[in-house]
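Presented below is the structure to which this report refers.
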Amino acid sequence: MDQLAQTEKYSPFRFFSAEQWSRFRADTPLTLSEDEFRRLRSLNDPVDLEEVKRIYLSLSRLLSAHVEASQLLFRQRQAFFNAVDIVKTPFIIGIAGSVAVGKSTTARVLKELLARWPSSPKVDLITTDGFLLPNEVLRRENLMERKGFPDSYDVGALLRFLSGIKSALPDVRAPVYSHLTYDVIPGEFVTIDRPDILIFEGINVLQPGKLPQDGKIVPFLSDFFDFAIYIDADEKLIHEWYISRFMRLRETAFRNPDSFFHRYSQLSEEAARAIAEGLWSNINLKNLRENILPTRARADLILRKGADHLVEEVALRKL
């Protein structure tokens, strides 16, 4: 985060080492067991319960404070409008960052920690994968090699979904994506029914659109977020994690004959690694540099990872 921390005096962020951040846990209890955490962890992600204690319990405590403040503001607005029939809207947490940086593990761990607060809030988790355009459309538009780039998503559907959630509508539907077939599953949806908290995870969720010249209101996804988190790491580390994950998948999920990537499991290790390097260089690295990393400074909190996926530094936006 060198560019963000050049002079903290003029930065919109406060910076903490992992050790400093861990002290903010206070008396927040660890409510996850080793077995539960193991089920939440993504493939090739070595994060353990010690990291949850060190980083995520403090983050859970911080988010609890933000949710509590949001609820207080809601009650004050009710009084301001002299209205009691206004429906409380969900608190939305956006999580962004590169492919292979550990967003999914972070999102799942936070979901479990937040749901176990004493108030027992209803917490749901949605990823942007289901909002990718179907492969048939991507092929027709010559976008298959830009899958994951902003133009490969159904932005209208994303905005309608988040608008429905923020409007406290019941039974808002999100499409479902299959990592086995590498495609949206036709006609399959997950229903989100007025959660207290929604975690919305995806590589480009902090991506702003082009500002209209005529001043019309054009919402960005992040306009619906109450708190945004960016998972950060050095480019070289993300590259290592991506290649390592690809090679692990080659030995596991890719061996399924129904897998979109099954053909890669038939290649030699050298050939498979060359494919992975090409996918990284031509697609994922390009997307990171052009679209994902530039959104980092739009987050409220940045978790900067070092080796072994362990957080080394935390940046929190000043109030």
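Note: Cβ is positioned from N, Cα and C throughout, glycine not excepted.
Just so you know, the Cβ of GLY102 (ATP binding site) picks up 25 other Cβ atoms within 10 Å once every protein chain is counted. Classification of GLY102 (ATP binding site) by DSSP places it in coil, neither helical nor stranded. Taken from Swiss-Prot, the feature ATP binding site covers GLY97, SER98, VAL99, ALA100, VAL101, GLY102, LYS103, SER104, and the record attributes it to sequence analysis.
All protein chains included, SER98 (ATP binding site) registers 26 other Cβ atoms within 10 Å of its own Cβ. The local packing around SER104 (ATP binding site), expressed as other Cβ atoms within 10 Å of its Cβ over all shown chains, amounts to 20. In sequence order, ILE203, ILE231, ILE238, TRP241 are the residues of the same chain, not among GLY97, SER98, VAL99, ALA100, VAL101, GLY102, LYS103, SER104, whose CB sits within 8 A of the CB centroid for the ATP site. Considering only the binding-site residues VAL99, ALA100, VAL101, the Cβ with the fewest other Cβ atoms within 10 Å is that of VAL99. For LYS103 (ATP binding site), the same-chain residues lying six or more positions away in sequence with a CB closer than 8 A to its CB are ILE95, ALA96, GLY97, GLU201, GLY202, ILE203, ILE231. GLY97 (ATP binding site): 30 other CB atoms within 10 A of its CB, across all protein chains.
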